[in-house]
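Q: Shown below is the structure under consideration.
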Amino acid sequence: MSKGKVLLVLYEGGKHAEEQEKLLGCIENELGIRNFIEEQGYELVTTIDKDPEPTSTVDRELKDAEIVITTPFFPAYISRNRIAEAPNLKLCVTAGVGSDHVDLEAANERKITVTEVTGSNVVSVAEHVMATILVLIRNYNGGHQQAINGEWDIAGVAKNEYDLEDKIISTVGAGRIGYRVLERLVAFNPKKLLYYDYQELPAEAINRLNEASKLFNGRGDIVQRVEKLEDMVAQSDVVTINCPLHKDSRGLFNKKLISHMKDGAYLVNTARGAICVAEDVAEAVKSGKLAGYGGDVWDKQPAPKDHPWRTMDNKDHVGNAMTVHISGTSLDAQKRYAQGVKNILNSYFSKKFDYRPQDIIVQNGSYATRAYGQKK
């Protein structure tokens, strides 16, 4: 008889899982933790069937589960209703970063611990942010389409192509990912790096960026915190979103806020899709208010085939730099968050509950972080 049930919800790898054994984040490879869990005397149940609620396999198996593990890339939404139907549930683990798919208020009410593997994919996401910015501002899509279509119209590409140098670039959120984006942007000699966050960056972190810019670019004091979001986006050539999804950030980038942005600015979102209002963003790209929008996160995942971000574009057909949700799930990141999940489970199974403080989102009925719009 097992001590309890662990429910693991991951995306299907299919033939790709057979071809690549490092693809730990798929259901076939189970984060590499099956043997570990079973050695602890627990049962591991895996599924890809997470929707619709309340008739999915997740709903059925969660009813008597003690632990649920899911991922931001293929999230099983642990809603208030699902929590209410799961009396044995004690621990929710996010294989990756970002636990907005869990109803944190309901988890607090039930004193369910919610954890994630903080830091496991921050570099991966920051690199994807940089790639997306460059795809948009350098009009990579326009040039690539000509290359594969047998065309050669230099002016048709160059008319929408710019450098990052001397641009004002900003981030909404300057935490582990946002700061790494700022670090990488210094190399492009920006005019200014702006950030909007509930707290100021440590002086040492700001000085490091300013000193690097002065050393390599001859331009110091480029980093500035802006306290009003409308003021920041109004002066930015590129805006990147690197903050968690919570009640105050949901729908933050809507028609009203976008109206404050520079005409022809670029918007990049690898945080959470629901931070942006999909229809408002698509319309801004179509009208040319935004020169382009890119990222990998969607307000519903998997995104429906008719999602407006799949087909949004501008008149030159170069305003869309969307991908599926891949920024934080490189093979290197998968190795890190798989190990992190194992470490969290080990803390739970040993009854030490000595989780890394930065991995705890809610515990013992209260928030352990301000990242989700809550104070300690």
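Numbering starts at 1 and runs along the chain as it is shown here.
Cβ atoms here come from the backbone N, Cα and C positions, even for glycine.
Found this in Swiss-Prot, in case it helps:
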- V97, N121: substrate binding site (BINDING)
- R176, I177, D197, P244, L245, H246, K247, D248, T270, D296, H325, I326, S327, G328: NAD(+) binding site (BINDING)
- R272: site 'Important for catalytic activity' (SITE)
- H325: site 'Important for catalytic activity' (SITE)
Q: Given the recorded positions V97, N121, R272, tell me which ones have a C-alpha lying within 10 Å of the C-alpha of L245 (NAD(+) binding site).
A: R272
Q: Do any of D197, K247, T270, R272, H325, S327 (recorded positions) have a CA within 10 A of N121 (substrate binding site), and if so which?
A: S327
Q: Please identify, from the recorded positions R176, K247, R272, H325, the residue with the sparsest Cβ neighbourhood, meaning fewest other Cβ atoms within 10 angstroms.
A: K247
Q: For D197 (NAD(+) binding site) and V97 (substrate binding site), what Cα-Cα distance in Å is obtained after rounding to a whole number?
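A: D197 (NAD(+) binding site) and V97 (substrate binding site) have their Cα atoms 18 Å apart.
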Q: Hey, how far is V97 (substrate binding site) from R176 (NAD(+) binding site), Cα to Cα, in Å?
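A: Distance (Cα to Cα, whole Å): 11 Å.
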Q: Cα-Cα separation of H325 (NAD(+) binding site) and R272 (site 'Important for catalytic activity'), in Å?
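A: If we compare the Cα positions of H325 (NAD(+) binding site) and R272 (site 'Important for catalytic activity'), the gap is 10 Å.
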Q: Round to a whole number and give the Cα-to-Cα distance in Å for the pair S327 (NAD(+) binding site) and R272 (site 'Important for catalytic activity').
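A: Counting only the Cα atoms, the answer is 11 Å.
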